[in-house]
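Undergrad: If you scroll down you'll find the structure; I have some questions about it.
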Amino acid sequence: LSLLLEATLLRLASGSHHPFYNGFYYNHIMNDKGNGQEKVVYFNGAKLVVETPKDPIYSYNGANVTLPCRYHYEPDLESKHKIRIKWSKLRDDYTKEQDVLVAIGKTYVAFGDFKGRAHLLQAGRREASLVVSDVRLQDDGKYRCEVIDGLEDESDVVDLRLQGIVFPYQPPRGQYRLNFHEAERACQDQGAILATFNQLFQAWSEGLDWCNAGWLADGTVQYPIRLPRKPCGGLHLAPGIRSYGPRHRHLHRFDAFCFSSALRGEVFYLDHLAGMTLEEAKQSCQDAGAEIAQVGQLYSAWKFKGLDHCDAGWLADGSVRYPIAKPRANCGPAEPGVRSFGFPSQGRFGVFCYKER
């Protein structure tokens with residue numbers, strides 16, 4: 001029986017999407033007059049309604065989150081069928097949706113990265129909410145909650161947004177050295193992922209202004225401008241996101257825009273009187289029961305924890321930076337931000353460490 005249920009769930013996951021089910025077009029039926037006007041026909045005499053929040057659900061990396069979804073009938077009735085529930089994640093590039101979970105009754109199957117992390121909320125009648133544990137950066141996005149009762153099939157969408165920060169990144173080799181795949185790896189190495197357009201737009205609306213073009217998760221190359229100027233598209237263009245459009249993912253080279261979320265752990269600063277080399281800095285973090293911080297972790301600590309330290313410190317990629325939440329004399333420009341000394345080949349500095357809670 002369990003094998004039969006699992007096979008049914010797998011067929012449901014790969015099946016056709018609303019408004020089709022099992023090959024039948026059931027939701028709109030031509031009326032008796034044959035004049036092409038459509039009317040809605042509900043075979044069980046009631047309308048199936050699926051409801052999700054209109055406002056986004058906010059979470060952060062490593063947290064547990066519930067994506068609310070409930071259903072009911074108008075007028076109210078009791079279903080004669082076993083209700084099927086399917087959750088899928090919509091892709092930014094509008095390609096095929098990613099299967100997350102399908103369920104019949106209390107039996108469910110989760111897919112891909114959601115195996116072991118996703119299940120339905122067992123909180124009462126007509127509940128279809130999805131619970132995702134240990135939220136990951138890649139979980140940010142829109143999710144479809146689909147409820148299937150026999151031939152009735154309705155769905156709605158939940159928007160999950162991670163609290164995070166977008167930061168520009170270029171490797172030690174310098175500007176415009178990354179193809180798309182190298183940009184993906186560079187962000188991952190810094191505790192981040194390539195940002196989506198929506199994440200970059202949100203960062204721009206919060207004040208991000210950066211003249212160098214960088215890869216985004218959909219394979220486009222863009223950059224955010226708050227203050228129009230000649231080297232950044234021209235003086236006479238309005239502020240906004242400048243776009244180079246899709247670029248060749250192997251041949252073309254740019255910087256990257258990375259996205260990192262709020263942290264479960266803590267970033268802190270260590271120093272010795274004479275400073276440290278990079279290798280000494282790594283060892284100092286280990287001695288403190290931590291590890292040398294990644295760039296994404298430093299940005300997150302600056303944005304969400306208000307980390308403010310005027311002394312520069314090593315980071316895991318070999319760069320030297322420091323975060324300023326309250327600008328002041330001798331600590332760089334008049335705006336808050338993460339300052340960078342680049343990738344010094346020699347020199348002695350403090351270090352920023354990261355420790356999980």
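Glycine too: its Cβ is placed from the backbone N, Cα and C atoms.
Keep in mind that TrEMBL annotations are predicted by a computer and have not been checked by a curator.
Okay, these came from TrEMBL:
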type	residues	note
SIGNAL	1-15	signal peptide
DOMAIN	47-158	domain 'Ig-like'
DOMAIN	165-260	domain 'Link'
DISULFID	CYS211-CYS232	disulfide bond
DOMAIN	266-355	domain 'Link'
DISULFID	CYS310-CYS331	disulfide bond
Undergrad: Give the residue from the disulfide-bonded residues CYS211, CYS232, CYS310, CYS331 that has the most other Cβ atoms within 10 Å of its Cβ, counting over every protein chain displayed.
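TA: Counting Cβ neighbours within 10 Å, the top one is CYS232.
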Undergrad: Report the DSSP secondary-structure composition of the domain 'Link' (165-260) as helix, strand and coil residue counts.
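TA: DSSP classes over the domain 'Link' (165-260) add up to 22 helix, 30 strand, 44 coil.
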Undergrad: Could you give me three numbers for the domain 'Ig-like' (47-158), the DSSP helix, strand and coil residue counts?
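TA: Helix, strand, coil within the domain 'Ig-like' (47-158): 6 helix, 56 strand, 50 coil.
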Undergrad: Between CYS310 (disulfide bond) and CYS232 (disulfide bond), how far is it from one CA atom to the other, in Å?
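TA: Here the two Cα atoms lie 29 Å apart.
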